[in-house]
Amino acid sequence: MDCVPLRSTSQPHPDEGHPPPLEAVPVPWKSVGPCKSHRESLGGLPETPAGEEAQGEEGPAATQLDVSRLRSSSMEIREKGSEFLKEELHKAQKELKLKDEECERLSKVREQLEQELEELTASLFEEAHKMVREANMKQAASEKQLKEAWGKIDMLQAEVTALKTLVITSTPASPNRELHPQLLSPTKAGPRKGHLRHKSTSSALCPAVCPVAGHILTPDKEGKEVDTTLFAEFQAWRESPTLDKTSPFLERVYREDVGPCLDFTMQELSALVRAAVEDNTLTIEPVASQTLPAVKVAAVDCGHTNTCALSGLACACRHRIRLGDSESHYYISPSSRARITAVCNFFTYIRYIQQGLVRQDAEPMFWEITRLRKEMSLAKLGFFPHEA
């Protein structure tokens, strides 16, 4: 350290009686080393052994202190770095977990969408097939109705033509007995010969044409009396004509005439014939004797046309019937044909009434129905013309 020489700045007190101040008293001291200026003046002289020893003692202590400080700083840095890395790792794991959950959720959504898409596709295909099937069914039904309509038009045109022919050929001088059955003699009155090809709506022209021609039925030689009960039932039915069998009028006719007349031995085929007559789908065709094929009928083995398919009796069958659109034919005897024709004539007439084609008073219409019922009763009892 630098040594600064003490210099006294105080002046000697003028009073001699007082002791001199302390600053003026010389105090001996010992210099512990040369001052800085003295060392600098000495230049490159080596330090004293005491200074070197002091410096040698302070060096290792300072080095140890620095090492301990460095170690403590390194530990702090490691701890902080470890904590930082742990925090980052935790954040990364948390983000990864969230992404896994998101991926799982999206995967479920995709599976649900795929399932819904498959169900929707299947539903669309099923609906398309259903629509196509319904369209085909409607088209087939429309075509069938159109075919039936054309058939009915042709049939009505043929009937109108035949009616015109009958009306034209009937004159007062020479009346047409087929048009006016009341002119027939009692011995000749009876079931008339029908068409060779008979349809229930195109049967032999019965007296149903009389109202159209404007002819009024007159009493013949036979005595007649109106049954009030039957006439009342007919009038009630005539107010709202229908083919419903629940009406008292038709229920009585079915029970007393139609049912017994179509009650053949072969019950199964009888039921089919009755349904075809009611639905207006029965056809009667003549059979040429030289072209008689062999057929088999349900419940009856008809190897030839000498057995009636309805009665099962052995007889010459010159007609056959076809039910609806079926290609099967059933050979019938003249008696069975007469019974079926009588029922068809009755249904033809009541259909004319229902369609408004018969414009006549109630009593003549009632007597015409009574005559048709009489024909059914006679046919049931076995009376039929031989030329049938």
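Cβ atoms are placed via backbone N, Cα and C, with glycine included.
TrEMBL annotations:
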| type | residues | note |
| --- | --- | --- |
| COILED | 82-130 | coiled coil |
| COMPBIAS | 46-63 | compositional bias 'Low complexity' |
| DOMAIN | 80-153 | domain 'GDP/GTP exchange factor Sec2 N-terminal' |
| REGION | 1-63 | region 'Disordered' |
| REGION | 172-198 | region 'Disordered' |
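If you take every residue in the domain 'GDP/GTP exchange factor Sec2 N-terminal' (80-153) and average the pLDDT, you get 92. Helix, strand and coil residue tallies for the domain 'GDP/GTP exchange factor Sec2 N-terminal' (80-153), in that order: 74 helix, 0 strand, 0 coil [DSSP].
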